[in-house]
Amino acid sequence: MTLRLYDTSARQIRDFTPLVPGCVSIYLCGATVQAAPHIGHIRSGLNFDILRRWLTYRGYDVTFVRNVTDIDDKIIAKSAEQGRPWWAIGFENERAFDHAYTSLGCLPPTYEPRATGHVPEMIAMMDALIERGHAYAADGNVYFDVRSFPGYLELSNQDLDDLRQPSGEGETGKRDPRDFALWKSARPGEPAWDTPWGPGRPGWHLECSAMAHKYLGAAFDIHGGGLDLVFPHHENEIAQAKAYGDDFAAYWLHNAWVTMSGEKMSKSLGNSVLVSEMLNHWRPLVLRYYLGTPHYRSTIEYSEEALTEAEHALARVEGFLQRAAEQVGPVAPAAEPPAEFAAAMDDDLSVPQAMAVVHTTVRQGNAALDEGDKESVAALAGQVRAMLGVLGMDPMDERWAGATGGRAEQLHTAVDSLVHLVLDQRQAARERKDYGTADAIRDRLKDAGLVIEDTPTGPRWELGQRP
Ligand SMILES: Nc1ncnc2c1ncn2[C@@H]1O[C@H](COP(=O)(O)OP(=O)(O)OP(=O)(O)O)[C@@H](O)[C@H]1O
Ligand SMILES: [Zn+2]
């Protein structure tokens, strides 16, 4: 089956055919490092990490570029507010993003260019745009002439005549109020780079067109970002790149938002939950499951209940894999995930359907465990590991076992032997009809967050719902 993806510019699902057979090039708009990441930012990184992993599984050699916007009006404003250099704010938050991506198991990009390292490339692009009549300089700014590019607004399907775009602060000398800034002249005390048109700083849109061109060339396969970027950011990236002569992206993919009370989670709106806060309460794998399982084009309304559900769903999978290992010994991931899983992933990355296959397999695996059908247990556990492995969510993978310092298994064994010691005491209390002590032991285990289940083969324990 062919991979099919929803292309925002075609407004439909299309068969995916890469420009160069066997290779896929992706440019994802990364962080504006003005503050630490909230879970909306990481959802974007994570959705594209899953895309990249699926393409890699399908045998493509993937080049994945995710930039860092390290100069921007918001960073400059923060710098003035906090009395710290712009780069101190940028580096600090870049580290925070890096930590969040790594904690959630996002693979590092092939290239991670910073905007400020690409001013010469931006100057070359502006030079060419001015020469070809698509841009002009005014008062130390450089603007893109939107009327000069007939394809403008095709991605967002808008009519230029309906467009009302207010000029930003200091954006003087425009020929048309809808023209956008490629370059902004420096105000006193602000960071600036020299150009033929005077000292200034890059506009956000220009940064991405210049970096995509440098690392992926004039044409590449997939451009991604959050839905909020369709207009103006991606529309302006297209105008710059195509007017420059690039074919630019063949497919446009946009992830839906994480919302809070129906509104986009946003640093600027102040309704954000930081990844660092979430990681104090939830295991990284639970957070990856919670943000990575809904379809990338469905909104995720932030909810503690959904997080708890994610925790339980994952615990069911982990419980099965654990019991399977107890019954049949360590199980390696199967060479390939089941065809039904692959078909769901090929269908515009339908992770919810793919995850349904995982849970069905877990149910079949539990039934096989009850029946003592070791062969089926081993086969089904291998399939579960293969499917979750492709999604970067295999709990048995060293990546996640290492989340407690590489000692998760050792810790589990130690807790297991302590719990059995305590349960033996409870049993002894029952036998001598000391029900008070037996009940007190049960309550203490519950307070410790453990759920005990009596089974024909003896008591089993697992971590219960958090209080
Ligand atoms: N709430 C969200 N849900 C999903 N994706 C988001 C959300 N907020 C931002 N993104 C995406 O994260 C990536 C990095 O965003 P960027 O740092 O530019 O955020 P921003 O728009 O400045 O953030 P904010 O809106 O929080 O101020 C972009 O692809 C953006 O579309
Ligand atoms: Zn961008």
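Here the Cβ of each residue, glycine as well, is placed from N, Cα and C on the backbone.
Unlike curated entries, TrEMBL annotations are predicted automatically.
Between the listed ranges 69-73, 264-268, 394-398, TrEMBL ties the annotation motif ''KMSKS' region' to 264-268. Within the set 31-41, 53-63, 416-426, the record from TrEMBL flags 31-41 under the feature motif ''HIGH' region'.
For the Zn(2+) site that TrEMBL gives as Cys208, His233, Glu237, the extra residue drawn from Cys29, Cys106 is Cys29. Its own atom aside, the Cβ of Glu237 (Zn(2+) binding site) has 26 Cβ atoms within 10 angstroms in the protein chains shown. DSSP assigns Cys29 (Zn(2+) binding site) to a strand segment in the three-state reduction. When the domain 'Cysteinyl-tRNA synthetase class Ia DALR' (340-401) is classified with DSSP, helix, strand and coil residues number 49 helix, 1 strand, 12 coil. Tertiary proximity for the motif ''HIGH' region' (31-41) is limited to same-chain residues at least six positions away from its ends with a CB under 8 Å from its CB atoms, namely 68-70, 72, 74-75, 78, 89-94, 96-97, 100, 204, 226, 257-258, 264-267, 272-276, 278, 287, 291, 302. Comparing Cβ neighbour counts within 10 Å across the binding-site residues Cys29, Cys208, the minimum falls on Cys29.
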